[in-house]
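Asker: Could you have a look at this structure, given as structure tokens, before my questions?
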Amino acid sequence: MRPDPRAAFTALLGSLALLLVMGVSLFLNRGDLQAPYIDLTRSAQVFEEAPGQALTPEQAWRQADWRPADASSLAAPRRESTLWLRLRLENPDASAWERWLEVAPWRVGEVDLYRLDAAGGRVDGHWRIGLSVPLAERSLHSRRNLLPVALAPGESRELLLRVRSESRPSLALNLWDMGAVLAQDNVEQLTHAMLFGCVLTLTVLLLLRLDWSFAMLAVWLGAAYALEAEKEGYLAFHLFSGQFIHGPGMRIAFWLVSLVGFLVAARRLLGLAGQGAWRRLYLAGVFACLALAVALPLLPNNLARTLNLSLSFCLLACWPLSLFSLRLRGDFCRQVLAGLFLLSWAESFWFILRYLLNLGYSGQFSVDVVMLRLSIIIGIIGLFTLQQQMRKQRLETESLQSERRQKAQLEEAVSRRTAELQAALVKAKDANQAKIDFLGRVSHDLRSPLTSIIGYAQLLQEEGGRGTRKAGVILRSAGHMLTLINDLIDHARGVSSDRLDIQPVYIHGLLDAVAMDAHILAQRNRNAFRLTLCGDIPTVLQLDAKRLRQVLTNLLDNAAKFTRDGRIALQVQAAGQPPQTGLAQLHFCVSDTGCGIPEQDLPKLFTPFFRCDATGVEGAGLGLAIVEHWVLLMGGRVTVQSAPGEGTRVSFELTLAVGTEQDMAQPQLFDLPMKSLPVRGEGQLVWVVEDNADIRDMLVDLLEASRFRVEAAVDGQDCLERLMGPGGQRPDLVLTDYLMPRCNGGELLLALRERWPGLPVVLMSATQQTMHSLGQAGGLPFDASLVKPISLADLGVTLAQLLRLRGGLAGVTEKPDRRQQALAGQLESLSRGQRQQLQALVEAGAITDLIEWSRTLADASGELAVYLRELAETGDLDSMEEMMGLLGSNP
């Protein structure tokens, strides 16, 4: 059988009740245990010292203002005062005795006892007790203010006491026997310990309920007991061993916390939280109490007492009025609960009135108050638990009925929702199909003009001449734009991905292409552009070249739009030592001297479709959102620094893996899909010096196809040994890499120029640093420099200029591409109808239709389909015609 939590809770409450009965029994019998003492208060004479007077004992003894002590002369609440008391003690016994004079209460202040000689007026003994005397230095180990008094048989003595206090609600003089005072302390401590056990048990029980209301009851009870305990000095003497005796701040803080616990518990348990005006009053009172508790260390003691009295009196005076807003009729549990809270309020309000008006307030531990508070809180717990049980039963009944109603409603709602979802699904399918149809029509309109531009740019480049370089720029930019449009269409069709295509890339070639685009963008508004490379930037890096170029182009395009007659700069700086770490940290920064961005617009800068005050500037507000998206995917973070009229700096940092040319499955030597060089050789001898075998073989094939005689060397040492050896023939031109083992490009240049001063030597390098800082060796410059990946147009122009060749490809017998030869068999395996359809599309130049047609090929022709789609996307219709010509007949 499972234990019932309610039964366990009832058992614990029974235990508490037993403890309370024991405490009550001890309280009722405490009169029998009362230790005897003699009250000397009314037999003393007093006078109050004027502020700033500082009398000596002899001066005080001679004062004429002495009067009999009474309650009004002994009390000085909430003000600083110095009181003198004169007392005569006489020993009528036949034996000497030693007694202890107590000045109560123990927090009265600083007490000095002066014993006068028999003649009077001269001090022959002095003792001090009070807050400044630690427990260890006292004559008797007690928290009471006890002063020793010893008299011989029949002797009488005049005693003079000086009491300095910050606040003195009352004062009493008691004469104790040593055994009696120790016995009285033991009785009081035992009583207080039993009450502490009851309070602690109930507090822990309340906290274990893990309920906010019970937690407030625990705070209320614990703070109230702590207040009574501190009245008796337990915290000061037992917790801190008398080394640090607190002022009134701790007692005031405990009182304020108990008041907060009372207010919050009453508000929650009586249901006052929903009352608008009273709710605000409760919250204001709680915050005021907590604020005063926090500020107590900063306030003078008497000011703290006054503020505490004022705040407590106002809150307690207003609290009963809030009960009138409750609807208690017919609710017996809440009526009794309100009565218990009202009883606790009456005790607290009476305490404040006694302290305010000094009506018998002694500042000592009150067993009655603790017992009353325990009884009230136990009653509240019992009533609240009973109320919760009754409410739970009522809610269970209502819940069962509501569940039945909701079940029927749910079945009806599910049926209705199912029908709505089916209708929405049909609409979604129709909308998706409409989108696909729309993209199918728009894709032709978007891609066909670009493929035409690409085709004609290729024709211009192959013709050679002065426009070859410009045609290359057009071809690269159009190809990049075509790639972005394809990504956009794929994204709309739902087949795109945010994954990066990480490949080894010649970073300097990529930056060179971006710089060419940037020069054109900058010229639109008569701006100047500058590319700056700093640090040791590696030759090959592992990255997504398309996305990095897109990011940089978007940033440069934004800078060009908002800058007129100014400067635009792209700075790329490398940090660290890539050879040792295998990683390179590149810092990219695009800056301009444009109009700048207002500070309030900076947080919204990367929001899609957000545009600053850009009247008259084209754009949709997507550029920077795309930049942030791809930079985050690449592991970086975009930062913007801008101010109106001072321009803008956009920067980001990427950590990239360092690669080598050997990592490239197909070395990116050339950046355009051309079939051959736009020049024709006349049998000239060209030496290719390159340590990468793949690049070396590709250059040899390309130059031989253009009617050059070609010799290849693995490095500079190999080239020199063969040229300087027997039968070595002077070459017409040398193409050389720079970074090579044994002998680099610079050393090769020096050796060749020493042998043949007029020999043209062309440097091929993948780093801009090599092109600029190493473009000459030993003071001898290279004749030309080409950056990898090499533009065939630039290579053709360089060969034509240095060798004085004619442009054009007439008469050049071109070797069929190996991939074309391998895929010709798959093309021949197509049906006659498919080949005729392909022929018609090629003759019509329908690029978009060719792309769509290549997707329809069967899985068996997957490699052929990929190749044809690549040719169509780049507009290379000539390669398609050559491939079809390999079949030997018309399809």
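Cβ atoms here come from the backbone N, Cα and C positions, even for glycine.
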Asker: From the ranges 2-20, 306-324, pick the one that TrEMBL records as transmembrane segment.
Answerer: 306-324
Asker: Do any residues, 6 or more residues outside the transmembrane segment (213-229), come within under 8 Å Cβ-to-Cβ of it, and if so which ones?
Answerer: 192, 195-196, 199, 202-203, 206-207, 235, 251, 254-255, 257-258, 260-262, 264-265, 268-269, 365-366, 369-370, 373-374, 377, 380-381, 384
Asker: Looking only at the domain 'Response regulatory' (685-803), what are its DSSP counts of helix, strand and coil residues?
Answerer: 51 helix, 29 strand, 39 coil
Asker: Taking the transmembrane segment (281-300) as the reference, which of 249-269, 306-324, 336-357, 369-386 gives the largest number of Cβ pairs under 8 angstroms?
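Answerer: Looking at each of 249-269, 306-324, 336-357, 369-386 in turn, the most contacts to the transmembrane segment (281-300) are made by 249-269.
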Asker: Can you name the residues of this chain that are 6 or more positions from D737 (4-aspartylphosphate) yet have a C-beta less than 8 Å from its C-beta?
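Answerer: Sequence-distant Cβ neighbours: V689, E690, D691, N692, G745, M764, S765.
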Asker: Excluding the flanking five residues on each side, which residues at least 6 beyond the ends of the transmembrane segment (336-357) place their CB within less than 8 Å of a CB in that stretch?
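Answerer: Long-range Cβ neighbours of the transmembrane segment (336-357): 77, 169, 259, 262, 266, 269-270, 309, 312-313, 316-317, 319-320, 323, 326, 328, 369, 372-373, 376, 379-380, 383-384, 387.
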